[in-house]
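> Below are the structure tokens for one structure; questions will follow.
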Amino acid sequence: MNLKPSLPPDHATIRSGRIGVLLMNLGTPEGTSYKPMRAYLKEFLSDRRVIEEPRWKWWPILNLIILSTRPSRKGKDYATIWNNERDEGPLKTITRAQTEKLAERLKGLGGDHITVDWAMRYGLPDVKSRLKALLAQGCDRILLVPLYPQYAAPTSATACDQAFRALMEMRWQPTVRVAHPYYADPTYIDALATSIRASLGKLSFEPEVILCSLHGMPKEYLLKGDPYYCQCAVTARLLREKLGLSEERFRLTFQSRFGPDEWLQPYTDETVKTLAQGGTKSLAIVAPGFSADCLETLEELDGENREIFLHNGGKDFAYLPCLNDSEEGMQVIEAVVRRELMGWV
Ligand SMILES: C=CC1=C(C)c2cc3[nH]c(cc4nc(cc5[nH]c(cc1n2)c(C)c5CCC(=O)O)C(CCC(=O)O)=C4C)c(C)c3C=C
Ligand SMILES: [Fe+2]
Ligand SMILES: [Fe+2]
């Protein structure tokens, strides 16, 4: 029996049978001058997953106040960490490197059936165009990997929203999976501990206190049910136990507060100041919530918080780098992806 339908001669040929893995991170401006900075901040801060204020209330604050001053101010901050060789933010450089290394590491798994790509929630390369590129290559199964160890609506959910919005326009949707947050995965905790020990080993001093600084979020989002705070607390506890440190020496704090509302506490900058003023002479900060170093780590932690510590009586300060595309970092991303691909390969 012939099961093949007879197709009209102009029937579209659509490639299929491949698996796509899309690494997704936050995004970065296209340049540090006013215009690209404004475009980036406007896209970011217009996202209802990030700012939950009603539109009528938020629109004038954003357009008349924030977007008139913040682009120039933050542009100067970005300029201090910019990758001038590639003319891009470090978040892009590192996410691209993670993608290339992951593709290499997955070669044994799916032969040449797997394509690994990357996209940014805000700015470029955008999620929709990278999804379309995967489909064009014949990926009819796609794994979305938000590169955030801890789930938060303003990061993981909005990246997935963006992917789902693109899927809404497709006649033939791929089968889609979303990687689970990996905040408690032993591979992640082990990788962090190994990386922290190695970084500490290179220092000329032993820090009295290590701050485990996670990106903050309005406290209200936690009260409304976002699991981010609890996942951060689990990561910090597991990491502290793995490193064998007391609660006094290894402390969870939250950085990058934005706007007048209360955010998750304790705040990193206030803790740094209080410690320095209270006589702590040596301090290290690690930021395990970021899968790649970026403005929030390189400028805010290694720049601003270093200044705060040294100006308030501190003597020795170190910022310990993120996992990035290091061997440990790649072990984590590979483990997450391999687990989520089970049943597909
Ligand atoms: C205003 C609300 C914000 C929430 C809520 C928020 C949550 C959140 N963000 C990250 C990760 C990153 N944020 C980064 C930059 C950044 N974040 C906000 C605002 C919120 N973030 C702004 C306005 C900016 C841009 C810089 C600035 O103007 O201050 C970055 C760095 C991007 C880069 O290019 O380097 C990351 C990464 C997480 C994990 C999170 C979780 C709740
Ligand atoms: Fe942020
Ligand atoms: Fe910041």
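Quick reminder: no glycine exception, Cβ is built from N, Cα and C everywhere.
Just so you know, TrEMBL annotations are computer predictions that nobody has curated.
Fair warning: this is a prediction, and the values are worked out from it, not measured in the lab.
Checked TrEMBL, it gives:
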- His215, Glu296: Fe(2+) binding site (BINDING)
> I want to verify one value. Collapsing DSSP to three states, which class is Glu296 (Fe(2+) binding site)?
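Going by the DSSP assignment, Glu296 (Fe(2+) binding site) falls within a helical segment, counted as helix.
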> On a simple 10 Å Cβ count over all chains shown, which one of the binding-site residues His215, Glu296 is most densely packed?
His215
> For His215 (Fe(2+) binding site), name the DSSP secondary structure in the helix/strand/coil scheme.
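Its secondary structure by DSSP: strand.
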